[in-house]
Amino acid sequence: MKLLIVAVGQRVPDWAQTAYEDYAKRFPPELKVELKAVKTEPRGSKTLETLYAAERERIEAAIPRGTRVVALDERGTSLTTKALAARLKDWQLGGDDVALVIGGPDGLDPAFRQAAHERIRLSDLTLPHAMVRVLLIEQLYRAWSVNAGHPYHRE
């Protein structure tokens with residue numbers, strides 16, 4: 001199974017890239033993690049609908065057919081660590097690859113959010129996109145560690 005993290009925005013600070021890579025390399029071979037960063041649409045005088053459409057096209061192009069889509073959204077379901085671990089286990093048993101999608105500065109296109117198989121949120125707080133990448137990969141690793149009985153997660 002593969003976890004594909006699709007993130008709008010190609011530039012992140014070095015500290016965020018280093019932290020992301022540190023967690024990504026911890027996953028076992030049977031649970032591959034891949035990051036696909038897609039270009040943010042230049043803002044200028046474009047309408048929000050135009051921006052959403054351009055970023056949605058890039059996101060959809062980055063996600064292979066048959067992949068389960070999970071949109072990160074402030075209106076999504078809030079999960080505990082145990083609930084995310086259970087969700088990860090379900091995804092693994094289902095056998096499909098999963099794409100977790102992080103939107104751009106204005107979030108995700110409303111139609112894309114609605115079409116996603118699931119919508120989850122990481123926090124009630126507004127977070128910088130670089131931080132979301134790190135928080136997401138860390139929480140996925142923590143969920144894996146719960147399921148594997150690895151000592152990383154402590155109650």
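Backbone N, Cα and C atoms are what each Cβ position is placed from, and that goes for glycine too.
Taken straight from Swiss-Prot:
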- LEU72, GLY103, LEU122, SER123, ASP124, LEU125, THR126, LEU127: S-adenosyl-L-methionine binding site (BINDING)
Tertiary neighbours of LEU72 (S-adenosyl-L-methionine binding site) (same chain, Cβ under 8 Å, six or more apart): LEU100, VAL101, ILE102, GLY103, LEU108, ARG119, ILE120, ARG121, LEU122, VAL132, LEU136
Residues LEU72, GLY103, LEU122, SER123, ASP124, LEU125, THR126, LEU127 binding S-adenosyl-L-methionine per the record - widest CA separation, whole Å: 16
Protein Cβ atoms within 10 Å of LEU127 (S-adenosyl-L-methionine binding site), excluding its own: 16
Sparsest-packed of the listed binding-site residues (SER123, THR126) - C-beta count within 10 angstroms: THR126
Entry from the binding-site residues list GLY103, LEU122, ASP124, LEU125 having the most other CB atoms no farther than 10 A: GLY103
